[in-house]
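Novice: My questions all concern the structure below.
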């Protein structure tokens, strides 16, 4: 060696040390912004609401004004706006198939927003206590459509058909919610998750984000003149501008999403009023236009959602079993979502008992969805998990305040309905960023694993490949034939098989979990290869002092409901 001696050792490259807590977060889970920011946010949103309702401010003008307050005032509003994408898109797709019109669509959006607010509050207060938004899930769409297509609920009157179908969906969700409630509160999911290692968790968390690629750029391409500028703006503002400025860096870092939405929404509105889409196809107009006044006009001024608002639920055993399988799929997906949220909130890995507690409260959330009639079950919002990474604000209080906005403004029907004017390609462009961040949080778990092990390479590569390949086969088959590979006379049975194998995160997570716990597990060196030794200190709630700081229940409830 040139230079002789041992002096060269200091220049030898060394791998980055593993970190069980992510650094560089402005506000972590237990360091909330001041309460004055909540009061300012609430006041700003209330004024904007009055302006829209009383003066008739257009959606694009509202967004211009909404981007002007001081930077601290809008952290919580940003979470609120992000989750509105899924909240609007799913009812917009499902309610017309059920026979409902603009009035029913607006009421379902209100209800979904109302229940999402309460579920988020319950999860942040009594569940995992992570800053996780609990909102609508695309996984529930397939079994819901199956119920919609059931001739049993047909009626000559479209409104009656809507009510009958809604009651059937409610009944299926109420029964299905018991699965997560039992697995969570009984501690069974705690026992299952204790066998998770960083290696088996990597495919699960990675594909919880990457597996949603079909909602990303394909959605952008539906109106490329709007979606592509949104994608470019949000990347430039969040990744380039924030690092080019010495002063004001935090503004672009934390509010790139809000700023880009404001700019592109104004641009989209100018295209609409300028007549750019007057002679285009109905499909293009649906994707690109911002003036959907029919929904706003149909929405009530003030309406408080309440349980069984569409009548008593109806129950069908087959539909309930199909929905129950779907809740199990979302349980696995949410496990990956919770892990991503804990990472970006700069918290330690979730103790299994805390994860199980969160699953139980998520089951309560699905029960509330069934009682109120939201058309869709609830799960961890992957897009809001990605927003934590973009803003680097992982505060629990910020998400709780956003939940307050959901509840308060869901009662004001006109306000919720106006967000239907946000073109879907804008939301899809944001998904490209958010889902990518969630996927990368899964890949970051590999820092605890031995990547030079052939066992690690096989489990990682095989589970990721099957997690992408199997759902691709199921989805392509359904796109070509109109039904999945499993096609019997029992539609509910078809869903019980087709839905799990259509979920990338579910397939990858189950395959990785099985292989990691069966291949050469008794070999002493394998424990370190799979990174299990890094998570041993989080196996029990009390084995690491930070767990109590991050995950203990409020109001001294740990005394009565101790985590183990």
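Using N, Cα and C of the backbone, Cβ positions are placed for all residues, glycine too.
Among the features that TrEMBL reports, transmembrane segment is placed at 38-57, 77-96, 132-150, 171-189, 195-215, 227-245, 257-277, 401-422, 428-446, 458-475, 495-515.
Mind mapping these onto the model and telling me what they sit next to?
Specialist: For the transmembrane segment (77-96), the list of distant contacts is 41, 44-45, 66, 104-105, 108-109, 112-113, 116, 133, 135-138, 141, 144-145, 148, 162, 254-255, 257-258, 261, 375-376, 381, 383-384, 387, 391, 398-399, 402, 405-406, 419-420, 422, 424, 427, 430-431, 434: same-chain residues at least six beyond its ends, Cβ to Cβ under 8 Å.
Within the same chain, residues 79, 83, 86-87, 90, 93-94, 97-98, 112, 116, 119-120, 122-124, 165, 168-169, 172, 212, 215, 319, 322-323, 326, 329-330, 333, 337-338, 341, 358, 362, 365, 374-381, 384-385, 399, 402-403, 491-492, 494-495, 498-499, 502-503 sit at least 6 positions outside the transmembrane segment (132-150) and bring their C-beta atoms closer than 8 Å to a C-beta of that stretch.
Residues 199-200, 202-203, 206-207, 211, 214, 446, 449, 484-485, 498, 501-505, 507-509, 511-512, 515-516, 519 of the same chain sit 6 or more residues outside the transmembrane segment (458-475) yet have a Cβ under 8 Å from a Cβ within it.
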Novice: May I ask which of the stretches 195-215, 428-446, 495-515 has the most CB pairs under 8 A with the transmembrane segment (227-245)?
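Specialist: Counting Cβ pairs under 8 Å, the winner is 428-446.
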